[in-house]
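Novice: Pulled these from TrEMBL:
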| type | residues | note |
| --- | --- | --- |
| TRANSMEM | 26-48 | transmembrane segment |
| TRANSMEM | 230-250 | transmembrane segment |
| TRANSMEM | 257-275 | transmembrane segment |
| TRANSMEM | 313-334 | transmembrane segment |
| TRANSMEM | 354-378 | transmembrane segment |
| TRANSMEM | 451-476 | transmembrane segment |
| TRANSMEM | 497-517 | transmembrane segment |
| TRANSMEM | 599-620 | transmembrane segment |
| TRANSMEM | 641-661 | transmembrane segment |
Amino acid sequence: MSDEGYPRTFDPNFKGPVAKRSCTDVLCCIIFILFIIAYILLGLVAWVHGDPRRVAYPTDSKGHFCGQKGTPNENKTILFYFNLFSCTSPSVVVNLQCPTTQICVSKCPEKFLTYMEIQFMYRTNKHYWMYYSQFCKSPFVKPAKTVTQVLLDDDCPIAIFPSKPFLQRCFPDFTTKNGTLTVGNKTIFEDGSGKKRNAIELRRAANRVNKILDARAIGMKVFEDYATTWYWILIGLTIAMLLSWLFVILLRFTAGFLFWVFMVGVIGIIGYGIWHCYQEHSNLQGRPNSHLTIYDIGFQTDISMYFQLKQTWFAFMIILCLLEVFIILMLIFLRERIRISIALLKEGSKAIGYLPTTLIYPVLTFIFLSICIAYWAVTAIYLATSGVPIYKVISPERTCKHENTTCNPEIFNTTEIARVCPGAQCNFAFYGGKSLYHQYVPTFQMFNLFVFLWLINFIIALGQCALAGAFASYYWALKKPDDIPQYPVFTAFGRAIRYHTGSLAFGSLILALIQMFKLVLEYLDHRLKEAQNNISKFLQCCLKCCFWCLEKMVKFFNRNAYVMIAIYGKNFCRSARDAFNLLMRNVLKVAVMDKVTDFVLILGKILVAGCIGVLAFLLFTHRLPVMIEGPTSLNYYWVPLLTVIIGSYLVAHGFFSVYAMCIDTIFICFCEDLERNDGSREKPYFIAPTLHGTLNKMQLVPLKQKE
């Protein structure tokens with residue numbers, strides 16, 4: 001590769017990572033520290049104002065929690081709707097609230113009763129009123145008020161129906177008999193106001209509320225699955241960690257053999273996936289509705305419905321077949337370059353063998369990331385639940401001119417609004433406020449997300465820089481392991497924190513800004529989806545594609561810049577420029593060595609995730625009854641399955657990322673080594689003789705250096 005246009009800027013007498021350093025990108029370091037301080041203060045303020053119980057408990061019409069300990073509602077854990085038929089009002093969609101009184105009860109109704117029936121039954125048996133009165137706002141000695149007065153004062157429901165608790169809310173107990181929908185074995189019943197109602201009308205009203213609660217329903221089912229399978233998930237992730245560790249150790253001694261194990265294993269796992277998809281596709285042949293397409297059934301919150309379609313399994317089978325063919329073709333056309341990758345893997349294994357503490361570093365990164373994720377999630381919940389109860393006027397027919405205005409439930413019945421708008425309710429709407437803090441809660445949420453992204457990228461950058469410093473000290477040691485400094489990982493980590501926090505924060509800031517802009521685009525696309533035309537959708541897709549490519553490119557250059565920072569101790573911009581120039585001078589070697597090695601490591605991650613995924617699939621679908629009894633009664637077996645697969649891949653990524661960072665560092669040091677030295681006694685190569693011999697055979701070393 002010609003050197004024109006890419007000036008060499010290195011020190012010809014360089015023999016290893018620079019020991020004497022100075023702080024780099026100080027201004028960015030100061031800004032980063034100020035943002036962290038502001039982030040901590042934001043968390044404290046949110047903790048003072050927020051109340052996460054508002055997420056855990058349903059809230060009645062007065063803003064009181066159902067089932068909260070230490071309150072009168074402690075034993076009343078379920079929310080009861082006075083008149084569920086009013087939930088068919090269009091205001092349900094607008095206000096996300098049903099325009100009827102809601103109270104906390106200890107259990108749901110179990111029978112049909114109307115207020116008029118109770119007035120007659122009370123004369124013969126007072127027990128009926130004791131049962132009915134538990135669904136009133138306050139206890140009454142007897143049902144003395146007329147139906148009209150009860151409606152005006154809103155003291156009691158005018159009718160109750162057999163119900164069951166769902167998501168801590170009372171919903172009618174629907175059943176189907178001979179294809180007819182019933183409630184408590186009835187299809188027609190009194191609604192308490194003299195009208196005859198049927199079960200279909202009641203279900204339509206309940207569905208309006210259910211649409212609001214759909215996401216939470218899925219979340220609760222997913223939570224139940226996690227509660228049932230959490231220990232199996234932990235076992236799977238532990239096995240993935242041990243398997244990854246085993247592969248890393250074996251790569252030290254049998255890199256070539258293990259590579260082919262990776263190849264055969266990945267091809268075999270994908271082949272099993274193809275066979276399983278074919279079996280499922282064949283089993284669905286002739287079943288009712290299996291011929292429908294995803295377009296026919298539309299969007300469904302019950303994901304399992306998609307797995308009952310032949311089209312779904314056919315699509316999975318095609319995707320896996322294409323992936324299988326792609327991997328086989330890559331193996332055929334890259335068979336010569338894979339030899340170089342195996343040589344690099346052996347050299348990386350040797351480096352990790354001399355620096356075993358590098359395998360522990362992913363655990364430290366995982367702890368840091370877990371702390372950041374937990375802090376962000378807790379802060380977001382506290383911000384979302386900040387404020388005081390806000391009550392708004394809601395009318396069933398939306399004919400009131402005061403609709404959606406704020407009100408006070410304590411005095412609402414005595415105000416002009418109650419007289420002007422008969423039937424209007426002053427119900428709890430949400431938590432908020434008019435203070436300066438409450439007005440800026442959405443801005444604080446954006447700040448919370450942005451600093452979270454910045455911290456996540458900084459932690460990853462810190463790990464890359466620390467590992468690069470440790471592996472660079474290994475490479476530039478002429479006599480290995482004698483010349484390797486003591487505690488190289490700890491020393492490199494200390495250098496990165498002490499001198500290069502600003503540079504790492506600078507690179508992380510660039511990446512965080514790009515990711516934040518991507519999230520804003522996604523949000524706008526979601527909010528404006530129905531208002532978009534074809535041109536705007538096309539532009540939106542182009543922007544997403546551009547920012548995806550930009551993010552990948554920035555990650556690549558940041559990674560190499562951190563290696564240069566670890567070696568030379570220069571600021572971020574200069575390190576990024578030097579890394580870019582070095583890679584451009586050696587672009588052929590980049591294409592031949594670095595990327596093929598990444599491909600090999602990715603196959604290793606797929607193998608670990610695939611092995612654990614197959615075992616988890618057999619366990620969660622009860623296909624291993626002879627060997628081990630798996631969890632029963634799962635709502636969605638794919639929830640723990642995907643968690644295990646993704647978690648196993650991330651665990652493997654944590655271990656193999658050490659390998660990737662090792663090989664990237666060795667590769668950059670190798671390029672520097674070839675440019676500085678010629679193999680003579682005065683300028684010997686630092687590269688291992690075995691790797692140098694392999695590169696000679698592959699003609700990746702300049703001729704003047706092979707003489």
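Just so you know, glycine gets a Cβ as well, placed from its N, Cα and C.
Remember, it's a predicted structure, so these values are computed and weren't measured experimentally.
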Novice: Taking pairs 6 or more apart in sequence, does the count of Cβ pairs under 8 Å between the transmembrane segment (354-378) and the transmembrane segment (451-476) hit 3 or more?
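Specialist: Contact criterion met.
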Novice: Checking distant contacts: for the transmembrane segment (313-334), what same-chain residues at least six beyond its ends satisfy Cβ-Cβ under 8 A?
Specialist: 263, 266-267, 270-271, 273-274, 277-278, 280-281, 284, 307, 596, 599, 603
Novice: Answer with yes or no whether the transmembrane segment (599-620) touches the transmembrane segment (230-250) by the criterion of at least three Cβ pairs under 8 A, sequence separation 6 or more.
Specialist: yes
Novice: Is it the case that the transmembrane segment (599-620) and the transmembrane segment (257-275) touch, counting contact as three or more CB pairs under 8 Å in which the residues of each pair are 6 or more positions apart?
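Specialist: Touching, yes - the transmembrane segment (599-620) and the transmembrane segment (257-275) meet the threshold of 3 or more Cβ pairs under 8 Å.
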Novice: Residue list, the transmembrane segment (257-275) vs rest of chain: Cβ under 8 Å, 6 or more residues beyond ends.
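Specialist: Same-chain residues near the transmembrane segment (257-275) but 6 or more away: 247, 250-251, 316-317, 320-321, 323-324, 327-328, 331, 338, 341-342, 345, 600, 603-604, 606-607, 610-611, 613-614.
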Novice: Grab the same-chain neighbours of the transmembrane segment (497-517) for me: Cβ-Cβ under 8 Å, and only residues 6 or more beyond its ends, written as numbers and ranges.
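Specialist: Contacts of the transmembrane segment (497-517) (Cβ under 8 Å, skipping residues fewer than 6 from its ends): 21-32, 449-450, 453-454, 457-458, 460-462, 465, 547, 550-551, 554-555, 558, 561-562, 565, 569, 571-573, 575-576.
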